[in-house]
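Take a look at the structure below.
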Amino acid sequence: MARFAALAALLLAVAVGGAAAQGVGSVITQSMYASMLPNRDNSLCPARGFYTYDAFIAAANTFPGFGTTGSADDVKRELAAFFGQTSHETTGGTRGAADQFQWGYCFKEEINKATSPPYYGRGPIQLTGQSNYDLAGRAIGKDLVSNPDLVSTDAVVSFRTAMWFWMTAQGNKPSSHDVALGRWTPTAADTAAGRVPGYGVITNIINGGLECGMGRNDANVDRIGYYMRYCGMLGTATGGNLECYTQRNFAS
């Protein structure tokens, strides 16, 4: 009897290990990726041919906790949030158009390149500023300060910088990863600033200084629209508190 119990436990462990080994690719399959980002290789998009599925999976495999943590719904919600935010950051969509939320990953660089040159926005999260290039580069083992263009020429590096930003808490900001999983508990200062758990505070983490605490705005609406579309595609609920209209940003 004990032998059978041990065998059953071993088989269960192998099954669980096999599922875990599939990682993000078991949820974001190649066909799902193509459906989520149908215009990423459109001839109108400067990033066409850059954001490949294989590059996404290769990068995700270097962050074992990304899109693999928690329940099935936790995983789906985190991935929907990641793609919701990064799709807005790279969008080629037109506000109000029927296909507004189908144009994620159209750009790989900031259009006017005016923000913190040569450390202007690049990649899915639009990594910006020398400090972020330095920190991201140290984390992934690349000298991005000397060669910031790696973020817009090497797709795996590009995705890894976005995932590093997503997974990493900085200063008084929690990581987007923890917020997406419902693992962030607001401090008294957060509560006083109106920052509450939900997708909206991820927007605050990424671009709160320009988008949060100023009422309804198009950028917030765009981020939310992408997120809702992806939640629907992945079959999970969005949760509450999707916007940051009344939240003070983390620097205030």
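Backbone N, Cα and C define each Cβ position, glycine as well.
For Cys244, the disulfide partner named by TrEMBL among Cys212, Cys231 is Cys212. As annotated in TrEMBL, Cys45 shares a disulfide bond with Cys106, one of the listed residues Cys106, Cys231. Helix, strand and coil residue tallies for the domain 'Glycoside hydrolase family 19 catalytic' (45-67), in that order: 8 helix, 0 strand, 15 coil [DSSP]. Across the domain 'Glycoside hydrolase family 19 catalytic' (45-67), the prediction's mean pLDDT works out to 98. Sequence-remote contacts of a segment are chain residues at least 6 beyond its ends whose Cβ falls under 8 Å from one of its Cβ atoms, and for the domain 'Glycoside hydrolase family 19 catalytic' (157-167) they are 50-51, 55-56, 58-60, 62-63, 65-66, 82, 86, 108, 122-125, 127, 132, 135-136, 139-140, 142, 144, 150-151, 175-177, 206. Comparing CA positions across the recorded positions Cys45, Glu89, Cys106, the one lying closest to Cys244 (disulfide bond) turns out to be Glu89.
Least packed by the Cβ count within 10 Å, out of the disulfide-bonded residues Cys106, Cys212, Cys244, is Cys106. Rounded to a whole value, the Cα-Cα separation of Cys45 (disulfide bond) and Glu89 (active site, proton donor) is 14 Å.
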